[in-house]
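Asks: To start, I am sharing the structure in question, which I have written as structure tokens.
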Amino acid sequence: MSDTELAESPSDDQDYGDPRTYDPDFQGPTSDRSCTDLLCCVIFTLFVMGYILLGLVAWIHGDPRRVAYPTDSQGHFCGQKGTPNENKTILFYFNLFRCTSPSMMLKLQCPTTQICVSRCPEKFLTYLEMRFLNKKDKTQWEYYRQFCKATASPAKSLSDLLSRGDCPPAVYPSRPFLQRCLPDFSTINRTLIVGSRMQFDDGSGKSRNIIELREAANGIGKILDARTIGLKVFEDYTTTWKWILIGLTVAMALSWIFLMLLRFTAGFLFWVFMFGVLGIIGYGIWYCYVEYIGLQHKPQSAIMIYDIGIQTAINMIFHLKQTWFSMMIILCVIEAIIIIVLIFLRRRIRVAIILLKEGSKAIGYIPSTLVYPVVTFVLLSICISYWAVTAIFLATSGVPIFKVMVPEGGCIHEDETCDPEVFPETHIPVVCPGASCNFAFYGARSVYHEYIIVFQIYNLFAFLWLVNFVIALGQCTLAGAFASYYWAMRKPEDIPRYPLFLAFGRAVRYHTGSLAFGSLILASVQMFKVIIEYLDSRLKKAQNSVARFLQCCLRCCFWCLEKMVKFLNRNAYIMIALYGKNFCASTRDAFYLLMRNILKVAVTDEVTHFILLLGKILVSGIVGVLAFLLFTERLQEIVEGPTTLNYYWVPFLTLVLGSYLIAHGFFSVYSMCVETIFICFLEDLERNEGSPSKPYYVTPALKDLLMEPGEEKKNKKR
């Protein structure tokens, strides 16, 4: 670098503040601190207290049983102990054909009377047929009345039955499905089709056919599909939870082993990461190709008979083929990207490996930092659990609300609030023939219930704020511990005792407000992203091409904004751990420091993250391959795994995601360590000049690698 360039470079850096000057008293994280961002600390404390109060109020008003048990038209639970329906665990629909009404999908309620029964009908029988048979066999009424209201009595005529609404006009052979009686088509086909009764009387004087009955059952199935999948997923979890715990333990052990090996064989382990990831992705490509070819030549005889709420086997095979083909293309693209990145960044990877070795030394001197991810995991689990429980209690708050439901629609009283006890005596059944007063949802007219939606938004925002605060606390704590390592002239003699606990105490005691401030900014950005996604899902059908383009632009902008805020926050927390300033001042100092050394940042930061990303992928990939072989029964000769899974991909994806999160938790310690050492190195270059009176704290290997030729001479002149 010429003298002219040396003279001009200070003026170029003036826009990014003045470099640090030598301070003989500075020996690491400042101990003389004061509380920062007190206003935000107070707001955060009040916000958390309000969140706790909201949880208590929701716990008082909510009732999670409303999610677990079906509810009849009177708002009573089916199968709930201590109630008249204790032995009646199944919900029965009086007129299933009304479930094809368009209003059903809008209100998520079938506009027909629903009662709790102990069993489903086993035979096809109309009310008129029952009356005729009952003249000879008195047990026919006893059988039929179990599907009527408790106060039902034999009607004199069909019109009398329909006006009173005490009994269904007909019952069909059914089976329990998610605690609902839905038609059993194997029995119906045998009873109706074989008996040449493709057309049948629905009991109310209308002729129906088997297709209409199936469509009515599918109407219920659309509502229950999500719950069906949920129950099957729950069954898979109960079957595989031991294997999931074993897999997560293996992921934790692998992460520990890789972290220990990084200290001694960082270069060799990088090649293990690289070839391991490429090999696992290559295996995935090969397997997807084999599955795709297998489905391509699958014979048509494998097609199954259409059933309730399930697509035909043709569509299922089509979707599976598309799924495997899409996964193969995605994995090929990922493989190509990794290879290209490795080719173009081969020189910078050497710098990142040296940084990882330095980070390994710091973690070796402060081994307690490897335990801190467990603390973060516990705190995050508490936040997630509290949010989920509060959301459920808020959603189930209130008392049963009844609405007037009309199967054909067009009634002026439709959707009005009603009282089922006095509804038959009102004029509504006369004005609206076939109308019924049925349970609709849970709610009330109090101030609390009017603001349930607001409370749910508060619950979500509080969850985002607390989660980001927990992550910020961990980053600031780790930064303080690793800064103590860097600024120790003699390692490990000059490292203070219990540096992690000291850093945690400083962060909580002095900088809760600053951490809450940074978390608030990030939570606000994430909340805006959630709102955009919600609006997109609600207005998807009404959007034109311009609206979709703007939506895509907003998503991209907020994604970039979130990444930028996370980057600035992380470096701000390092400066807070070092100097104890408030959030804004620390963010400014970190930004100016990085901009004054922008070339070094570009060389080291992202490359180090890339190497650690390969390690995370390798850990989750190893566990994922083993889980896939186990849950698809390909390891039965070695170990006997579960054999009755509904969806093998449920525990498989759980293990892959869980393993990645565990690996991310452990490798994030390395990431924070490298970033802290790098920030401290930049501070060291500006504070000191490498002379005996102002020596560098950086190790010789790292100094030779990161310092540009002539930079030490420039520092001495400055």
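Note: Cβ is positioned from N, Cα and C throughout, glycine not excepted.
Below are the features I grabbed from TrEMBL:
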REGION    1-23  region 'Disordered'
TRANSMEM  36-60  transmembrane segment
TRANSMEM  243-262  transmembrane segment
TRANSMEM  268-289  transmembrane segment
TRANSMEM  324-345  transmembrane segment
TRANSMEM  370-395  transmembrane segment
TRANSMEM  463-487  transmembrane segment
TRANSMEM  508-532  transmembrane segment
TRANSMEM  607-631  transmembrane segment
TRANSMEM  647-667  transmembrane segment
Asks: In the same chain, which residue numbers or ranges, 6 or more beyond the ends of the transmembrane segment (370-395), come under 8 angstroms Cβ to Cβ?
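Replies: Contacts with the transmembrane segment (370-395): 54-55, 58-59, 61-64, 67, 256, 259, 363, 452, 455-456, 459-460, 462-463, 466-467, 470-471, 474, 477-478, 500, 665-666, 668-669.
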Asks: Checking distant contacts: for the transmembrane segment (508-532), what same-chain residues at least six beyond its ends satisfy Cβ-Cβ under 8 A?
Replies: 33-44, 460-461, 464-465, 468-469, 471-473, 476, 551, 554-555, 558-559, 561-562, 565-566, 569, 572-573, 576, 580, 582-584, 586-587
Asks: Which listed range (36-60, 268-289, 324-345) shows the maximal number of Cβ pairs under 8 Å with respect to the transmembrane segment (607-631)?
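Replies: Counting Cβ pairs under 8 Å, the winner is 268-289.
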Asks: With pairs fewer than 6 apart in sequence excluded, do the transmembrane segment (324-345) and the transmembrane segment (36-60) have three or more C-beta pairs that lie under 8 Å?
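Replies: They are not in contact.
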Asks: So what's near the transmembrane segment (243-262) in sequence-distant terms, Cβ-Cβ under 8 Å and 6+ beyond its ends?
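Replies: Sequence-distant neighbours of the transmembrane segment (243-262): 237, 269, 356-357, 359-360, 363, 370, 615, 618-620, 622-623, 626-627, 630-631, 641-642, 651, 654-655, 658-659, 662-663, 665-667, 669-670.
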